[in-house]
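Below is one structure, written out as structure tokens; comments come after it.
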Amino acid sequence: QSIFTTMRASKRPDIQTFRALAISAVLAFHLRPDLFPLGYLGVDIFFVLSGYLMSMMLGRVGKLNMSSIMDFYWRRLSRILPMYAIVICLVVIISRFVLSSIDYDTLARDTRWSLVFGANIEQYLDGNDYWAQVNDSPVLLHMWSLGAEVQYYIFVPLIIMLQRCFKRKTHQMIFLAALTAGSFASFLISNETASFLLMPNRIWQFTIGSIAFEMDRDDGLEIMSENKSFVSTRMMTCLFIVMSFVCLSPVQIPTRLSVSIFTGLLLCYGAQMEIELLSNEHLVRLGNASYVLYLVHWPVITLYKYSKEVKLIDAKGVILCLLWSVLIAIVLHNYIELKLLAESKKSIVILVAALYASILLVTSTEIKAVIKASDTRTNYAEALHWNRRGTGPISRGDCGIDVQGAKWASPYWEEKNNRCVAPGNGTARILVLGNSFAGIVVDYLRPLLQPMAKEIRLFAHHGCRILINGTCPRFTRAWHKVVEAMKPDVTWIISREPQLATNPLEEPIGKDQTFQFARDTLSYIGTHSKHVVLDYQTVGIIFDHAMFPPRRIIRRISKGNFTFDDLQVTEEDWKTFDRNETRRMDAIENSKLIRHKLSEKQCTSGICYFFNPANLHAYYADNYAHPTSEQMALLRPSYVEVIEQLKKRMKI
């Protein structure tokens, strides 16, 4: 019998209580993020607990060799995988009867990443904003944390082995502290998405748990009996503070570091003292079922929100989701999870293999939509297919690797997919500058420009701004170098910059900092370019993060709901929203500048649509309002007009 089996037989009640606190916080956040904005810190508590337990499991093994490490991996996977696979299997089966085809496609992709514990990596590679997704509700969004945790399990034996290279306890603690500091530094300097999702930026929380374990097991750490009551009171006070921060704070405040450290301190003292609050029977039971409850609660909430078509659930919905989550968790925990702990290795392997095969089979089968519509004027089947398959970008065509541009921009090397150069049949040297919008639009614009262009160069970076100060400094330095070296005949700026509209306008406008920076940037570009074209913002910047027109159209059609009033705005509302951008850009005096006011072509009869009313093809591909081919077809005459202006100016 291995040491891991022996350890599993007895669980510390205080650790189960911390798990109860963590899952309660996560539940509160996911049910009502507006009321419990700090509930996400429950995941941080889970990470610290895992770090403590992994150090406990491996730290008490006399010799770490291949056999003991493989035993550790098996124990972890046999504890996590069966329920993990069971819940995912249930989710993909139930979702086939609830989700639209496009949403099920997303779930199928998320499922494949989740099966290999890579959900956090998937979300990072997609550049997804976790906080926006909480409202948009991908069904397996919460699996990111289990991905990060299992990835840590892979490396923790190595960490323990390196720790043991130091013979003295003091040196081991210094090693763990250095690892914690390094990971925390990476957490601070990384962008928000990487800091939140990636395991290396979370190691510091796991190692706080490891440090707590080392302090706990140190024979020199003793607490005087006469101070026991004092420490107990302090611990209870701190526990309530954490509960208040995690569950009740109505505002976002920086508590992640303090909560993680505090959890470590509670773990350290909890092992040495019997504190009634940390041994509460009901909290311990909740902690025992916390893993299953974590797995099931988010799919329950998401599918409820999806069926009701709401972003935020009301009090009735909160009660229903909470009851269903707890009920399902109780059943799975008592009748499946606990029984699986006693199963043989062979049984576990067969079960997990069967579940994985079933999941892959179910998610590989396409959902066929059944459309119930009495109105035959619109081909709803075609609209479904187009919004599902036809909203992506088109091919780069003959826009190839830009060797010269790379030399100019050196040492900048990022996003090669947003940098290329294409030949033309004319004499003009054209630079298309911007962010991911430039990367999409240039592929439609290039055929229109090629008759007049000698070369068309794309230099862009997703998420960066050209006319807003303080974004993407490396990219900013790089495009400055390219503009100076290339000296384009035309620099065409295509960039989503909603801050031009949303930043408050300071009067008089000459003192407005946003205006000043945009004016000076355009002046700088004009110094090195013969002509400058500026695409104004499209109507799509008015979106909220959960808009996603193709998905919304598909959901409505699939449910037999053909009302799309929320996928349009009045032209008056748009002009009110965009008035600050219009004032700022119109006030810039620059003789080289051609202003391309895209929204003038996007609104007809006082309405600005987010889709083509004639065929229900979305104009915008996602919640960031990237244009589809349907949008570019709508805007083609506008781009042709601008090109004709350029030809007249350049006497081509």
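Note that Cβ sites are derived from N, Cα and C of the backbone, with glycine treated the same way.
TrEMBL: automatically predicted annotations, no manual curation.
Record note: among 287-306, 607-626, 287-306 is the stretch given as transmembrane segment by TrEMBL. TrEMBL lists transmembrane segment for one of the ranges 257-275, 428-446, namely 257-275. Nonlocal intrachain contacts for the transmembrane segment (348-367), taken as residues 6+ away from its ends with a CB within less than 8 angstroms of a stretch CB, comprise 78, 81-82, 85-86, 88-89, 92-93, 96, 99-101, 104, 107-108, 111-112, 115, 340. Only sequence-distant pairs (6 or more apart) were considered; of these, at least three Cβ pairs between the transmembrane segment (80-99) and the transmembrane segment (287-306) are under 8 A, so the stretches are in contact. With a cut-off of 8 Å on Cβ pairs spaced 6 or more residues apart, the transmembrane segment (139-161) and the transmembrane segment (287-306) reach 3 or more such pairs and are scored as touching.
Confidence annotation: the domain 'SGNH' (416-639) carries a mean pLDDT of 94 in the model.
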